[in-house]
Amino acid sequence: MRAHSLRHLTAATTCPWLLKRRSSSCVAASLSFTQHPEQEQDQTKPNKTNNNSNDGNSKPSSYFPKRGQELELVCEGLAFKGKGVCKVADTGFVVLCDRALPGEKLIGRITRKKDNYAEATKLTTISPHLDSVDAPCEYASYCGGCKTQNLSYEAQLRAKEQQVHELIIHVGKFSDKDPEFFSIMKSIVPCDIQFHYRNKMEFSFGSKTWLPKESFQEKGDRKENYALGLHAPGFFDKVLNVEKCLLQSEPADMVLAAVQDNWRDPQLGLSPYDVHSHVGYLKHLMLRTGRDVKTGLPELMVNFVTSSYKPELLEPLVEKISSIPEVVSIMNNVNTSVGNTSVGEEEHTLYGKSTITEILRGLTFEISANSFFQTNTHQAEVLYKLIEDCAGLRGDGSEIVLDLFCGTGTIGLTLARRAKHVYGYEMVPQAVSDACRNAKLNGISNATFVQGDLNKISENFGNDFPKPDIVISDPNRPGMHMKLIKFLLKLKAPRIVYVSCNPATCARDLDYLCHGVIEKNIKGCYKLKSLQPVDMFPHTPHIECVCLLELS
């Protein structure tokens, strides 16, 4: 095995964006290329000191565009987070451009300059991208939620799978020359339901409606006040008014339409919260969809987030939306802070019950307004089955499971039926309370959930539970802290199932667990046995991965 420092050097010379220190966000490492099968394009990853060779047609190797400069770009793939990876025409210089898609030729304006690449805004399309489709949503070009709706779903899957492959090679330091590589790397699991799959959506109220330039001109430069919808990409204070969303359930769209039809009525005295003046009442509208345990029919929770507790102001809206049969809960979270969070200091039930239910892997879960729960229930069934298969529990009730970043306990509770005991750790106190409640609801007594920050574990961590046979780790986007990596390498559990929502930090952590960190005198002791990408959220750049590691 090569020394770790040599692996770093190799990665830096072939992928110049890895020259930066690998941080928790792995932003620089995420510029992974995604080729269309029929494209045969140069995959050289250039930097400003090592561009494509100057063959007479190329710009010199020192070429670097200026901010504000307009350039012809060719998009060669998608980077993590969905930005198009483009090259300046006749050079190898890399430009990241939002909403550029593979195969598209376009004009872009440089907005930011980085060490060895630049960022651009797309101005016009010269020739359309490969696998072009018409986006069914009227907001797809402006809303930040579904950046790839106008790319065929098959092409989206190819892009995501290739991103994972590139990150595992360049960040994880796993060689695609290894004969086992392609048996370890599994094909991405598609999502059968590509619209109306989200069980939770959060909309914001705004004092002004944000309009894209073309719509602004169409409306004769008329400014519109009051908006309810989604934030314009990159702006915390600009809201794009949304009448319906194709990602949420149809009953949720009915609620959104009912609120949109009534909340602006001056007689109601409702005002949107202004994030600059900190004046106004309505902050957010959160819609959550679950299922009735007995009938299997959808049930909906509506949560108004307001700056103060004035239930009388909401009464007309409550009356309107409570007439929709699927609505079984209307809540009011009161958030008096100037922040933009939807979690309130107080919670009040305005109509119906305070929780809704959902069924996952045969278990019933109670979901409150602020509970964490897998956002795509249908695909979560697929994801949890993969996790269960990787865990490989014998089913004789003899094995200990350590569930790290357990959230509301959904993964651990689905495994508890085949385990001796599950020990779950989670930082958010409310999530731990939900996990305990869900264990009791399902009659599960062999699960213990503990509140604690896994980024700040002490030398004594591990003394409160027996050595596990299986570790499940499902960290948030920054991945695992080095303290936890060291603990796992010292613990030496026979199997680790790493569940990731960020392939970049996942690849980094797999590198540490398998290869170690030579400069810190940390030795890896695991072998990657399988890595399964899962598409949890079609039309978005998000990718989930389920990885199985075994003690080597």
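Keep in mind that glycine also has a Cβ here, set from the backbone N, Cα and C atoms.
Remember, TrEMBL labels are computer predictions, not curated facts.
Residues or ranges marked as active site, nucleophile in TrEMBL: CYS501. Among the features that TrEMBL reports, S-adenosyl-L-methionine binding site is placed at GLN374, PHE405, GLU426, ASP474. Annotated compositional bias 'Low complexity' per TrEMBL: 46-62, in sequence order. Per TrEMBL, domain 'TRAM' is recorded for 64-124. Under the heading region 'Disordered', TrEMBL lists 33-64.
Residues GLN374, PHE405, GLU426, ASP474 make up the record's S-adenosyl-L-methionine site, and a Cβ search at 8 Å around their centroid adds PHE372, ASP403, CYS406, GLY407, THR408, THR410, ILE411, PRO475, ASN476, VAL499 from the same chain.
Its own atom aside, the Cβ of GLN374 (S-adenosyl-L-methionine binding site) has 22 Cβ atoms within 10 angstroms in the protein chains shown. Of all the binding-site residues listed (GLU426, ASP474), GLU426 sits in the most crowded Cβ setting, with the most other Cβ atoms within 10 Å.
In sequence order, ASP474 are the binding-site residues from GLN374, PHE405, GLU426, ASP474 with a C-alpha within 10 Å of the C-alpha of the residue listed as 'active site, nucleophile'. Ranking the recorded positions PHE405, CYS501 by the number of CB atoms within 10 A of their own CB puts PHE405 at the top. If you average pLDDT over the domain 'TRAM' (64-124) in this model, you get 88.
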